[in-house]
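*Asks:* According to Swiss-Prot, the record shows the following:
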- 43: site 'Part of a proton relay during catalysis' (SITE)
- 44, 202: pyruvate binding site (BINDING)
- 106: site 'Part of a proton relay during catalysis' (SITE)
- 132: active site, proton donor/acceptor (ACT_SITE)
- 160: active site, schiff-base intermediate with substrate (ACT_SITE)
């Protein structure tokens, strides 16, 4: 259902307020670059520091600006099941085509708790839903066996697998078959994960290089394996640079350096250190981004 190069879009701020004009411009930059779908209010969109009104407004702006040209997949995850249901329902009402739900963080549920959480949302809201497994951030790993149980529900259509583990992604693919799509959640392994059977990537790098990320994915699905492999290697350095500090600090810094929006992040995220910013500038110059 959702495939290809999918951007986890940044939320631009201006003096502490969501910059709606710049957000619309960033959406246009993505569509012009061949991006296949857009995720507002994900990790990269600083969803955890948006208030409810801002969260809904960001989704609304992206849905309006996209105007059905590509799917919009709203980040609606929470560590409260009731809140996740409410946010997913709001996203549906705002016109989102799907929802991306991170595993409940901090409270460290068991696999049974994770299963019941996702099933509760899937039962409550008739909207295509993508599981989001990122244990490095959440403190809990959604295991392949649990994914296989969840894949039986018609509203659970995909998983963003961001463990960085090809083994775990492969186990999900082996257990679930065609009952659920796998999307890569780590830019630096998009190509090998697609080789295992993933249908695309939810990308951070696409915020600054949408054409190139789309070129990698498009080459792969066109059967041009050598071209895709070359894109994988070309993009490796910038992919790594996007994570030299906590996401989305590097990518927002990059967006700022390119003059596309402010590099402003919200506390407790802090501006990039000078040392890392200099490293990022050096890499971006190699790619002729600045």
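Here the Cβ of each residue, glycine as well, is placed from N, Cα and C on the backbone.
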*Asks:* Give me the Cα-Cα distance between residue 43 (site 'Part of a proton relay during catalysis') and residue 202 (pyruvate binding site), rounded to a whole Å.
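*Replies:* The Cα atom of residue 43 (site 'Part of a proton relay during catalysis') is 11 Å away from the Cα atom of residue 202 (pyruvate binding site).
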*Asks:* Restricting the comparison to the recorded positions 106, 132, 160, which residue's C-alpha is spatially nearest the C-alpha of residue 202 (pyruvate binding site)?
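*Replies:* Given the candidates 106, 132, 160, the nearest one is 160.
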*Asks:* Counting Cβ neighbours within 10 Å across all chains shown, tell me which of the recorded positions 106, 132 comes out on top.
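*Replies:* That would be 132, with the most Cβ atoms nearby.
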*Asks:* Given a separation of at least six residues and a C-beta threshold under 8 Å, show me what packs close to residue 44 (pyruvate binding site) in the same chain.
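*Replies:* Set apart from residue 44 (pyruvate binding site) by at least 6 residues yet with Cβ under 8 Å, we have 8, 9, 10, 204, 207, 247, 248, 251.
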*Asks:* How many whole Å apart are the CA atoms of the residue listed as 'active site, schiff-base intermediate with substrate' and the residue listed as 'active site, proton donor/acceptor'?
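*Replies:* So the alpha carbons of the residue listed as 'active site, schiff-base intermediate with substrate' and the residue listed as 'active site, proton donor/acceptor' sit roughly 5 Å from each other.
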*Asks:* Run through the Cβ atoms and count how many others sit within 10 Å of the one on residue 202 (pyruvate binding site).
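*Replies:* Cβ-Cβ neighbours of residue 202 (pyruvate binding site) within 10 Å number 29.
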*Asks:* Rounded to the nearest angstrom, how far is the Cα of residue 106 (site 'Part of a proton relay during catalysis') from the Cα of the residue listed as 'active site, proton donor/acceptor'?
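*Replies:* About 15 Å separate the Cα atoms of these two residues.
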